[in-house]
Every structure is written in structure tokens, then in C-alpha cells.
Amino acid sequence: MSWGTKMLRTMRRWCFVSPHGIFASLLVLSLLLAAEGRGPGPGQGGKRQRSPMTGPALIQVPPPMSPRGSSEDQMQSRAVDTRVTLEVLEGRPKGTRVGFIPTKPGFTYRFNEPPKEFLLNATSGEVTTAAVLDREALRSDRYDLVVLSSQPTYPIEVRIIVGDVNDNAPEFPEPSIAVAFSESASAGTRLLLDTATDRDTGVNGMSDDYRIESGNVDDKFRLMVTANPSGDTSYLHLETTGQLDREARATYRLNVSARDGGTPMKLGFLLVNVTILDVNDNPPIFDHSDYIVSLNESVLPGTPVLQVMATDSDAGDNAKITYYLSDTETQFSVDPETGTISTMETLSCPQNCPQQQQQQQIQQQVSGGFESSGIGSSGGSCPKSCVFTVFARDHGSPRQDGRTYVTVNLVDANDHDPIIRFRYFPATAAFATVDENAFNGTVVAAVSVIDFDEGPNGKTSVEIRAGNELGHFRLEAKTSFDIVRVNDVLDREQLNKYNLTVVATDEGSPPRSATAFLVIHVNDINDHEPVFEKSEYSAVLSESAPVGTFVAAIHATDEDSGVNSHIYYAIEAGDDQGWFDIDGASGLVTTKASLDREVRGTVELRISARDGGPNPKWARATLKVTVLDENDERPGFAMPSVRVRLSESTPPGTLVASLTAADHDQGTNGSVTYGLHSDVAQRYPGLFALDAVTGQLTTRTKLDRESIAEYEIRVIARDQGIPPQSSTATVMLFVEDENDNSPEFYPQEYFVAIPEDSPAGTTLLTITATDDDEGENAQVEYSIEGDGGDGIFRLGARNGALILTAPLSSSPKPLFRLRIAAKDRGDRRAVEDATVEIVKASRLERIQFESAESGYKFKIREDHAKREPSLGREVGRVRVAGGRSFRDGVRYSIALGDPKRAFRIDERTGIITTGNRIDREAAATYHLTAVARAGLAYGSVSVHVSVLDENDCPPVFPRDRDEVRLNENAPVGQEVYLAKAVDPDAGENAQVTYGLASNPEGQFRISPKTGVIYLNKPIRSEPGTTLSLEVVATDNGKPSLSSRHSVIVTIEDVNDHTPVFDHTSYETSLLESAQVNARFFALSATDTDLGENGRIAFDIAEGNADGKFGVFPDGFLYVRSPLDREERDYYALVVRAHDHGSPPRSSHVPVVVHVIDENDNAPEFFNATFNFYVRENEPPDTFVGKLTASDMDIGRNAELTFSLAGGGTGGVADDFAIDPHNGFLKTLRRFDRENLVSLGTGQSVLSLEAIVTDNGSPRLRDRAKVNVFVTDVNDNAPRFLRTPYRVQISEVASVGTQVLRLYATDADEGLNGDVFYAFVSGNDARRFGVDEATGQISLAGSLDREVTPKYVLTVAAYDAGETASLSVTTTVTIDVLDENDNAPEFTQTTTHVSVSEKTAVGTLLVQFRATDADLGLNSEVTFSIAAGNRKDTFRMDSATGELYLHKSLDYEELREYKLNITASDGGNPSLSTTVPFGVSVEDDNDNPPAFPTTAIVRQIQEGIPVRTPIVTVTAEDPDSGDNGRVTYAIARQEPPGHHFGIGTTTGVVHTLLPIDREAVDTFRLTVVATDKGSSVRLSAEKLVTVIVEDVNDNAPTFVSMSAAVLPRPAARDAFVMQVHARDLDSSTNGLVTYELVGGNSDLFELHRSTGELRLRRSLPDPPEETRYRLTVKATDEAVQAERKSMDAYVTVIATAPSNGGGLGGMGNVGPVFEGGEARLGSVYENEPIGTSIVTVGARLPGNSLAEVEYYVTNVTVATVSRSTGDGINSLHSMQQVDRLFDIDTKLGVISTAVVLDREGGADAYDVEVYAVVVSSLTPQTMATRPVIRRGATEARIKKPRQEQVLRALLSGSTTQDSKRGPVAVCN
């Protein structure tokens, strides 16, 4: 129970008698709730909600909901509502104030688990420190505590955060570290350092402020701090700022500081020792930057040239040098040790003429840059030079190279042919071009000749040998190149390509020459306009033509070529509607949108044709398209919606609206007629007429707005096309009101009782009159007729409000009768006036009807609609209670509920009869108010009249006619239509059955119950057929009534037919020259479906991947893109015809198209140049080769003839002959290759020109160049240039290292002169490989000097002679040099060791051993820890390999170390081996389980099921295995008991017994967590507080008396008693409200909150009844659960006027108790309820048979404060208690009502019992007070002194309580 609820209950017990006192209590409650600031219970609570009732707000706070997805979702508990966060800084003195918790008046507070660090003031809520706090020594910087209040208990979570002060400096993990950087490290190279830590937090913690305080010479280093992506501590890097130089400085000592952010700031330091590692940073340097030597060009391979020398300033291997050349250098070799350079082959060096190149560049600039790359056309006098690079490489790592340049100048020999090069414009072109309008002298191409010889051998001359017979070009010589220029007028249309044969010859002896072919293409000039075939085109289309329909094929030609002849078409003008589209490339015009003749009947398009030239030329033509009409437009109303207003007085025949619709189709398609929609006749029968021709809508009868105020009239306009088209317009007719109705009062009679003291201005009632008109015609004005009100009333003219102008007391009249008139703005007056009677309330008498409480209920049958109404039928009778004389003076009337005057009432008898037709369909029930009047007496009663049904209404369909559509393939049984008729009758009269009156051929059936029409037979009718059905709906009345409904079923076409072609296949042919867009073949297909299902479209489904053909919607095939028979002469198309149904159906047909050939292709040689070979010395008529050519045409167009043209490098007639039919080429003489080379050609090839011609018309030809090479015979063996060979190589040389290159020559040519190399012997281990083509010997496998120190290899050089191979051998000796190539090897196999975390520092863990196969320093091994030594935990002896524990271990901090152990030798560079080694830390049970510091407080609801989990308690133990396994148990519970259990392994606390808040509302559980350590077990305790929340599990229980005495006098509002019920629940669950649910509710009223029972009105004295029986209900105010309630009966006893005698106030008139008024009784404590105690009896003097009933009206106890001298206690006061005793009303036996507890209550109780005479007309009562004592050991009290005490109590209480006023129950 919340504090607010308890306070409210407490205040209810305060006994305020005056109304001011009650208000004061409510005000105090409001202030207390406002001061509390929260709702019931602790916590932040919810929003404050104010009740809509006046007075102080009651604040309700719902319990907070657990967040969804929380781990507590499965727990049947919730967390604490109120949370407080406090803060205190560490280091503050003891007693420092931390803060206050929120408190409430009247509560005390305590810590749930009192901490040793804090104290709590129980009343003020102040929290102070109990010790000096050190945040860094705490497990957490916060305390999570729970404070509990006194009863009723509620928790408060208190979080105390210990704030940090800067009392710790930053600390690095180690005071100093050693790091190393390579001197080659670039600026920005980083090394990760350990960051510092600071035990402080926040600004006092680490600030990422690191600095180098000293030792940073030349600022070579800086510190960089970067963020950690994981959000942990930032990374600290030591970074280089520039280049390091080990030679300048080898070490640095950096003092690094770390600063925190506190004030004052604290620093920590780290010494960083930096070592700079040496690298091979000095390359070898040659003693000369370049070498120059002269050498005869004809020297033999292997000739020494010169020796180079290089040195390296580094030492050791870094200074050891090896010489080598680039892999691309094949003419020279170098000795790797000595640097001696020798030739490897016959030398061939290019010319190097810097001065001549400069002159050529100048000339090139003068001549416009025609020279190619500065290479002259003659050799000049500059020598040939070979320039190559010699490299010297040291043995450092990485290796460094030095280089020098060697220039070898050669003395020339004429051993090179000229090389002809053409330069085209632009330079990227593949051939030369010239415009056909080029001027004479225009540059076409530049010819440059390269001859690598010198002197006269390099001087060349150029000439055009062939191809320029017309002299259109000339050759103009320049200093170093030649220019080809235009020499005559060119005409592309006559000759569009030239092939010039250009020959270059040098001046050597013998001279050498070269031939090249210059192809010149003549460019077209855009000098022709496109020309249309026609200047005007025409087409005729239907406006229903589908999109894509062919309109016209526009074609234009252009005599130009290339892009100049490409034509692009466009629609320039005329297509304003966007109906047409033209293919820009082909000129095909098609429709791209639906046509509409009504928009435009003729379209004239202007078509343009543009060529593709840079300055395009244009041509234009006209296309005229005529559009034919289709009935595709429905009539269109000028106004689809018309709004018209007419007065309801408009005479018949008035024009409503004139509707016009236009149809822009032609002829009958555009002729329009008008008609009314079918629903107009149904909804408004006979009201309107429509002229079918003019469209004029008129009225037929007069309109009545009161019947129908709005009409919705639909008009249909239909054209005469086939099929016809229609549209609908809607006329909204609004009927304007005429003032044709008078106001009418209802109710017509008013009666009201008013207190006489009602002030002026009081509104008594509102009179209403209605007018069926609207607007101003319906505005009613009211007035008082006559002066029946003595001028003290005023009537509102507009609102009808009757208002007092003076109090009624100003007039002596008890009754005022007013007559009220009403009229509208049109001065129409109500036919009957209203009457208003006002009576003074004090003079009003109430008339009670016999059925006042339940009213009257009558039934009457309705009048039949088809018969005359039977008026005057009796409905029932109402009658007032009372005697006949009284009833005779009463007059009855019907005041309300019958505005249509359906009933009349006899004003004298109260008999109600029918006054008008009774129609159940208009009103099924009537709720009448009948009024009875008799002078100033008034009463009313409700009359409920139910109207019984007559079967007078037939079923009604919503429409007379409906149309439905049904697919022709609908399955039997398909639902077709739902016929629905409604019968407004009731019961069986409204039950409708359905049947078919008309059903063609039994096609359909109907469900009699549901009215669903089903298809009964398959449909055989054609699509478009209509079937007429007539549905009959019949009700179940007797006799039955029926109505009919027409259903028109239209058979809809279904797409069930596939389009069918008229042939199963098609075949046609056309010339390959057919124009694009030409239509060449028509396809035809039919579909018997209708509409869209039968409309066919065509498309090509297969065989048209390249888009050569197209098909129009009408099935016409056309050429879509140009055809080429040579590309494809046969097309197998598949054309698809598909309809437009849904889904569409389609069929396919094959169409074969043959393309006919035309001679449009010239023959073409397979190659532009043919190369043939013939062996030297072969006899004449030797076959040389076959010339092959093809012609893509067929037939005569492809018949070919071969011939040889004159010219060439040899005499064609003397050397070769060709067969004209097959192209076979044969020799005419014997050839000698050596003679050919030595003669004037200088080469072994003969060139000639071949021609091929077709037999077409006209004949077409092609040319090709033929080269005949005379091949060599193998007659020379290879020869090595140097022998023998010797070389050295390191044993650590990598695989692929080049060792030596061999070179041998062969005087033969081709394969006969190609030399290959192979090992013959000495390479059995395959350590070396030789490149068979180059002779390069490379290392193929690793070397080991210790195994093989020297290799002797035999190498063979052999040629590739075709008949027999010739060869020669040589010897190669390779010496292997020693290197440090053996790394140490570990000898032991141990890779892991386990160590207890208690192992002492310095303990030897393991010793490593390793060996090295090398000798000397290379075999000396040292050991180190390479990685994994976190926090320097281990130490390694580098010499012995012993691993020691250097720092203490902690299993909980790190369970395993993964070390990398490295063994390194003393070689340079040093070799090492690293092995992984694991150190596992074994756990020791050194950590007890630990609970979280957060306090555990959970709130659960009472009554939750047993075994319900409420909270999970978790303790963590960082140990492992059994040392870390935790079990849980509940050590103790407060208060003692076994209500809860806990999972031993899960820690889930659950209930073991039912939880009852009313028994215990708070539990304190001590949970113990214990580990399973083997040697010793450790444990920890945690307090779990469980607060039980209330649920509404108790209903209110009445504790007040079941009887009370009616006060005297029984005035209005007199207090009778206080009903009191107690609910053991808390908060709103225990808040009780009261309700009077039965009995004399007209006499009594019960206060809802206080339970005070008072009189509603005064009662006569004496009262009419002797007792009143009331039923009261007590209900709790539960919010979150179902409310509980309890009923009780209370009897109120009336007493007669007192004459001073007796407790009952009746003297000797009432019954007399037997044995006097006082009684004694006793009972044992703990006796069950109902235990009899004592019996009282009473009788009425003079009438012993009078029935007497007994009632307990009060139970009190006496409080004694002092004793008198005779030992008798003096009575201080009497205190009322609960109803502890009951009495049998008939027998008078007093029994226990509760179980009595002597220790918890009083020893004696005073029970007030009343005896009441039941059958008396006036109250006759008497009271007595028996005294009941509990816990007695005897049945009767025998001690005289106790009897005296009890009698004294009786006498005192009788005197004191004889005239009780309003006393509240205060317990």
C-alpha cells in the first residue's frame, strides 16, 4: 500500500462532522500529494494524470516495464523504480556529506547492506562518508547500494560515484627499452612503443601528451600518437623525421615523458636507447664514367675489346664486386671477375650522327616535319656505334649497382639493305589519302629511307617504278627524305585508289635495294545533294490502324561516297500530334501512336534527307497521309455533371436541363440519341421525361422537397455506329424549399417543478417546435400568449428557453400555466400551441405508478399495409398507486416518445389505444413517457410498446434489372450472379427464398436460400449472345409475398482460338540489291475469336537475329537492312501470329527467303603478299607455289583468271610462269642463293606482281605481290668463339643466377645457321641449365661448396640442319666459393612447459641447445627471446640457452605465453633459426568468487506460482577448472523460512512457497557462492532483497454493523451510519468505494468514498415503515487487475418518539427484553465463526404473539484510565470496534462473526441489540447491550466485582449513547 493511499485512508478515519472539516481534509491530502511529488510507491513514476472530477488530483504511477529483449524477460520480477546518483571525491575526510536520498514524511530509511564506507541518517536521508576513500584502491569507482524504507517497504537504488583526484603519475611498463632503426629507414618510419598508464581517470588520466625531453640530437625523431580503432589506449609511435646515417651517428638516448591532464600535472619517464643499423648504402664506382674504343666491323666473335675497373667503399661482402651486362645485350660479354669485355657474335651497330641528326631536325622543321624520327636517307660519313652499359654489383644486401657506358665504333661494310618507310597524314593512318579536289603540288606522303651502312654504302636514291602510269603523282627529293605530291587533276569517281611501287637503291658495290608499295586512297568531297525518288509521297490509313503500321518507304540517293553518301531522314514538320515515326537510317515511315480522324483527317509531313558530310547537304519531300473514319469515339457531353436547382412549387413540364452530347465521328457513327438510365424509372417512377432527340429533361409531376430533396438523374447518349458507343451524364437536381409547412410542438405539454428561491435568470426548460421546411422557412420564433405567468417568466424568441425574471416566491400562486405560440419566418403559425405548467417545488407532490420501477411493457400487432388501419385498438393501461378515491382525480397523458401521434391515452382510465396506422417497418418499438396529474401532484412512468409484424411487405430487389457477363468457357457450377432481395418484415415474414421463373433451356440454377445463380450446363451459345433470366424472391409469410427481378447474361468471348496461317509454310526469293523498306511478301492469318481476342499482330520470332527483315502489323514482310548474298544467301524465318487476348494465343509458320546474287564483289587474293620458297640449284619447271584468290559472288561472277604483270626485280618472262586457271607458279631456270646475294639485289628474294580477274559484267580484278625466296642448303658446321671457359660462383647464389654465356656461329642461313646448345656431360646433378637458343648458362639448383667445390661441364653447339645436324663441343669449369649458408639447428624437441603461478622468480625453466654445421664464427651460436616475452616475464642466457623466470606469474592475468626462441650464428650476415615455445601458467586457487558490487533488489508480485524464477545471481571466479567453478546456495532468509531456492549452478533464485504480501512484504536472502577448489574452498556472500508487490487478491470485507438506527428527527441529509469495508490489499487495490445497489434508494443515499449513509429526504414522524432493508456494495479501485467487490445487507430501524424510558426510546410501548436490558456472555478465543455466545429475547406487552426481530447495531469497548478507592476502574470513553458479533434476527442468538484473539483485542465487548416488532404499523423497538467477555475459563461470570464493573459500563454507555449524532467509524 502506497504512502498516498495510506494517508487517504487515515484521513477517511478522521471524524469531520462539518462540511468545512471535510474540505480541510481534502485540502491537506492535496498538499501532501503535491509535496510527495510522486504517485503511489517510490520511484520516478509516470506522468501525473488528473481525474476529470473536480477536487485534488490522485496521482497514479504504473510500474515501469522491463525493456524488450532484456535478460530479465524470463524473470517474474522487476527492478527498482527510484534511482538516485550521488558523487563524492576521493580523499575527502570522514564525515563528508555525499548527498540526500528522496524521503517521504513518516518513513525511516536504512541501507539494505550497510557499507563500511558510508553512513545514512534514517530520518533525513543524508548520506555521509565513514572513511577516507581511495578510488584507485577500490574494485570499482562506484557503489551501487539499496536503501529500504520502513513499512510499507519500498526500495531506492543509490549509486555513489567516487570522483577522481590527480594523485597518481603516469607509468611506463619498463623504465628503459632498446630499439633499432636501419639507416635506410625513410622519413616517417615508425616503431611502436608501449604507452604509459595512469591509475587516475578522466582529465587526471593519460592525456596522450608524450614528449622527447632530451637526447634527440638533430631532431631525428619525434613521437606520434594515433587513435586505436577498438577504442582502447592510443598507439604511441617513435617516428623518424629524416634520413638516418649510421656513419654520422650510431646511437641515440631519448628521454621520453608522459603527462596526464590533471592539475597540477604529473609526469612519467621512459629511456629509449636507439641503435642505427648499417645497410649497404655505397654502390660500386667505375674509374671512368664511360669508355670508347674502335673496332673493325668484321672482327670475329670472341675478340677482346677492353677491360673495365670498379671499386666499392664498403667493406666485406658489400665491397666484393661482380661485373655483368644487361640481359638484352647479345653482342658483347664481360668476365664477372676481371671486367674484360669480348665480342660474342658478328657486330651490327647503328649509326650515331648527332650533327647530322641536328641538321635533319632543322630540315624537318623547314619541310613541315615530314622526316621520320631524324633518320637520314643516306648513310653519310658518321660511323656505326654500339653503346652498351656495363654493371658492377657488390655482394651486400640489398645489392648495389654501379654502371659505366662503353662505346664501340665500327668500320662499315655494305651489309644492309635500305629500309623504306612511309609517313602518312595523319601519322596514325594506315595508308595515304588525298582529297579528289586537291591542288597540284599537294603533299600526299613522305618517303624516308634508312640504310645502316656508312659512306657510299649508306647513300640511297628513290624512284616510282610502277602504278603511276597516268602521271597523277610525282616524287620530290629533299636532303634526307622524299615527298610524294599531286601532279595532275584527280577524280575519285574515275579512279579511287592508287598502288605505287617505290624502289630505294644504295651506292654500295654491289648495290643493295628495297621495294615498298605506297597505297593512296582518293577521298570523296561532299559535292552532291541527296535526291528523293519522288518529290511527293501519299498514303491512306484507317484511324484504327495499329501502332507500327506501314505508311511509306522514303528513299533518297547521294552520288558521294563514305560518310558523304550516308543519308539521315527526319520528319521536319507536320507531325504535330506525334502520330508518325521515321527510321532515320532507312526512311521507313510507320505509325507510333493511335490515329484519330476526329482530331485531324489529313496529315501532310515534310520529310528531310541529310547526308553525313562535314558540311551536310539537304533535300526535302512531302508525305500526305489521309485518315479514314472508324466509330471509335463515344458521344461526349458538354457537361458530364449538371447541377440544377428548382423550387418545389415548380409546375409539371418544367425544363430541368438541356443536355447536349457531341460525337465527332462521321455519318451514323456521329448521330446521337438520348435516353434515361434504367435506374431513373426505378428510383423516381413517373417524375421525369427526356426528349430522345433534343436531350431536354423535364418534370412530369410536382416536386416535394420534404419527400425527396435531391435527385440524381443519369442520362445516356448513344451513337448509331456498329457497335454503338455511349456515355453518361449526371444531372443533380436540388429542390429548393417553399414555406408550405407550419411549426409543430413536440412535446406539446411541459411540466416542471421549481424551488421558490430559484433566483432570477434561472433557465427552467427549453421548448422546442420543429418545421419540416429548411433555411429561414424552418426558423421558429416563440412567444408567450396571454399573461398566465404573472410577468415573472421570459421566453427566448429564438431558442425557446423559458427563464425566470423573478423568484416564484414573489407570487402566491402555487401553479403557473403558460400558453406558448410558435411561428416561422413566413408567419405560418403552429396549429396547436404548447402549454407549460410551472409548480413550486415545495407544493409538488409525487405520484407513484404501480410499475414505477420497471415501467410498463406492451405489445401490439401492426396494421396491414394493404388494409385500412384499425384505429382505437387497446395497447395497455397505466395506473397510479393509491386508493381509488385518489386515482379518480388523476388525469393521464402521453408526454414524450410519440411525435407522430401513433397512440392515444384515456386521460381518466390510463388506457392506451392506437391513434394512427401502426407500421412496424417504420418503427418497431416505441418508448413513451406517460404522465399522471392530480392538482399539484405529478408523476411519470416509461411505457415500452413493441410492434408485432404482419406480412405486408414483399421482398424488394435493389434494382429491377441487372446485367452480368459470363465467359463462354465458364465451368459448370460457377457462380454467375448473387440475387439479393430484402424483406423489411421480421421473423419468418422476412425469410426469403429464391427461384427462377425464366431459365432458357435450364442453363442455370439458383440456390433457394442464398440466391446465388450457378451455371447448370456448359455454354453452347455464341459469344455476344444474351440470355434473359427472371428471378423470383418469395417470403415465408402466410400468405407469402414475392417480387421479380430480371438478369441479362451476356456471353463473353474467351480467347480460345489460336490464329491460323493460310499456309503451313512459305518460300520466296529476292535480289540482294533489294532496297531497304521494300515490302516483298504478304502473310495471312485468321482468328475466329471476337474483339481483341481476334485481332492479330505479327512478329518474327526466329531467324532474324541480324535484323535483316521486318514485318508490319498487317503481315507484310519488308527489307529492314541491306542484304548481302555473299554474307548470307538463305534465311529461315519463323513468323509468329498472336492475338491480343489475355493471355495471348499464338501460332508460328516457317518462311524461307532466298537471296539472288549480283556481281557486286571483286575477286580478292587470299594475301596481299605471297611468299614462296624454292631450294637453290633446283631444276627449271620446279613448282614454286599456288596463288589463291576468291570471289564472294557465284556462277560466272566468280570464274577467275590469273596472270603476271611485267616488271619486278627480275625478268618475269625469263624467271617464272603462271597457269591462268589454277594459279600454279613454276620456275623457268635454276637459282643460286649465294649468287643472288652477291649480285645487284644483295638478297636472296625475287619480287613480282600477280593479277586475278572475274568473268562478271563488268569484270572486276585484284593485284598481289609475290616474293620468291631462294633457300639455303646446310654445308657449314657451328664454331665456338672462345675455348675453354672458366668461371667462379658463390655457393649461396640464387637459382637463376647467370653464370656464363657461350657463343658459336654458323655460316649457313635459316635453320642451317641456327645454333643450339646442350650439356653433354658434367651436369649429372642438374645444378646448371643452359638456354638452348642463347647459350646462357644459369644456376638451376642450389650449390653447397662443402659437398661439391668444382664442376667441369662439356657443352655442345649444334645447328638445325634439315637433312643432317652439324655440331662442336667445348669445356666449362665452374669453381664454387664458400658462404655462411648453414643456420643453427635446435637439438631438443621440447616445445612446451607448464609452470605454476606460484613459481619463484629466478627459477630455471628449460635449457635450449642448437648446433651449426659451419665453422669458425659461422658456427658460434647465441640464444635470444625474439617475441612473446610480455612484460619481460622471462630471461634468456644468450650463451647457455637457459630460460629463467624473471617476473612473477599470474594465471588470472595471462594463462599462456607463446615465445619465439631464436638461435643465431656469428656469420655475416648472421643466420638464425626460430622455434615457437609455449609456457602454460597453471592455476592456483588464489581467488574467491566475486559478486558484482551492484545491489540486488527485485520486486515481485505476490501469488506468483511456485518455482517461478525471479532473479539470476552471478559470481565470477577468475581461477580455472574446479578452482573457478562456482556453486550457489541460500545461507539464510529474513524473516526465517524457506520461501526461496536457488539453482546451485545457474544462480537462478526461484520461489519454493506461495508468496503472500499480506503476510510478509520484504525478504532478505543471503546467497553464498563457493568455488570447488581441491585444497581449500573459497566463498563469498551476496544479499538479495525481494520486495513483494501487491496484487488484487482480496475482496473488500464489511466490518461495519449490518443494522443501524434511523436518527430522530429523520430530516433530509440526516446521518444514518457509516458503512465500512476493509481490503487487505495495498494502494488502489485496497482503496474501497461504496454503492447502494438495492432497497430504498429513493430514501437513502450512500457516499461513494466515505461510506456515509444519509437520508435523501425527510421522513414523517413517525415513519411509515418500521425498518428499511438496503443492499450495499463495496468495490476496490484496482487499476491493473480486475476489481473485486462484496455485497452486504443493511437494515435501518425506525424508532418511535421517546418518552424517556428505555434504551430504545419507546418507554413501555416497545417490546420488553426478558431478564432486563443487560446480558452477560462469554466465549473462548480462537473459536470458529458462528460460535453461539448468548441468547436475548423480547416480547411485546399485551401481544405475546407479535413477531420480533433482533439486530446488532453497535459493538464497543471501554477504555479505562484510572481506579477509584473501591477498586472499580473509572470509565474514560467508549470506542467503537468492527462488527465482531452477529445475531439471529428471529431467534436472538448472538454468535461470533470473526475469530477472536484475546491478546490482540479487548477482554469485554459491549454489544447493542435492537428488538423490532415486525407487523406494527408504527415503529416499536427496544434496545439492550449484552456484555461479551472472551478468553473466559467458565461459561458464566461469577465474580461479583466484575459484574459491577460491567453494569457500570452498561449504565454509562446507555446514558452516553441515547442520543447519538453522526458518528463516523474511526478504527
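Each Cβ is built from the backbone N, Cα and C atoms, and glycine gets one as well.
Under the heading compositional bias 'Polar residues', TrEMBL lists 68-78.
Residues or ranges marked as domain 'Cadherin' by TrEMBL: 107-172 (among others). The average pLDDT computed over the domain 'Cadherin' (107-172) stands at 89.
The feature domain 'Cadherin' is assigned by TrEMBL to 173-286 (among others).
What TrEMBL lists as domain 'Cadherin' is 287-420 (among others).
Annotated domain 'Cadherin' per TrEMBL: 533-637 (among others), in sequence order.
Taken from TrEMBL, the feature domain 'Cadherin' applies to 746-957 (among others).
Sequence annotations record features per position, and here TrEMBL assigns domain 'Cadherin' to 958-1061 (among others). For the domain 'Cadherin' (958-1061), the number of residues in each DSSP class (helix H, G, I; strand E, B; coil) is 7 helix, 49 strand, 48 coil.
Residues annotated as domain 'Cadherin' in TrEMBL: 1062-1165 (among others).
Counting residue by residue with DSSP, the domain 'Cadherin' (1281-1386) contains 3 helix, 49 strand, 54 coil. Under the heading domain 'Cadherin', TrEMBL lists 1281-1386 (among others).
The feature domain 'Cadherin' is assigned by TrEMBL to 1387-1491 (among others).
Marked as domain 'Cadherin' by TrEMBL: 1492-1598 (among others). The residues of the domain 'Cadherin' (1492-1598), classed with DSSP into helix (H, G, I), strand (E, B) and coil, number 4 helix, 50 strand, 53 coil.
Residues annotated as domain 'Cadherin' in TrEMBL: 1616-1713 (among others). In terms of DSSP secondary structure, the domain 'Cadherin' (1616-1713) contains 4 helix, 40 strand, 54 coil.
Look at the domain 'Cadherin' (1722-1811): DSSP puts its residues at 0 helix, 49 strand, 41 coil. Summarising the annotation, TrEMBL assigns domain 'Cadherin' to 1722-1811 (among others).
The region 'Disordered' annotation in TrEMBL covers 39-78.
The annotation signal peptide is assigned in TrEMBL to 1-37.
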Composition by DSSP (helix, strand, coil) of residues within the domain 'Cadherin' (1387-1491): 7 helix, 45 strand, 53 coil
Number of helical, extended and coil residues in the domain 'Cadherin' (533-637), per DSSP: 4 helix, 50 strand, 51 coil
DSSP-derived helix, strand and coil totals, residue by residue, for the domain 'Cadherin' (107-172): 3 helix, 28 strand, 35 coil
Winner by Cβ pairs under 8 Å against the domain 'Cadherin' (1062-1165), considering only 173-286, 533-637, 746-957, 1492-1598, 1722-1811: 533-637
Within the domain 'Cadherin' (173-286), residues counted as helix, strand or coil by DSSP: 6 helix, 56 strand, 52 coil
Counts of helix, strand and coil residues, the domain 'Cadherin' (1062-1165), according to DSSP: 4 helix, 49 strand, 51 coil
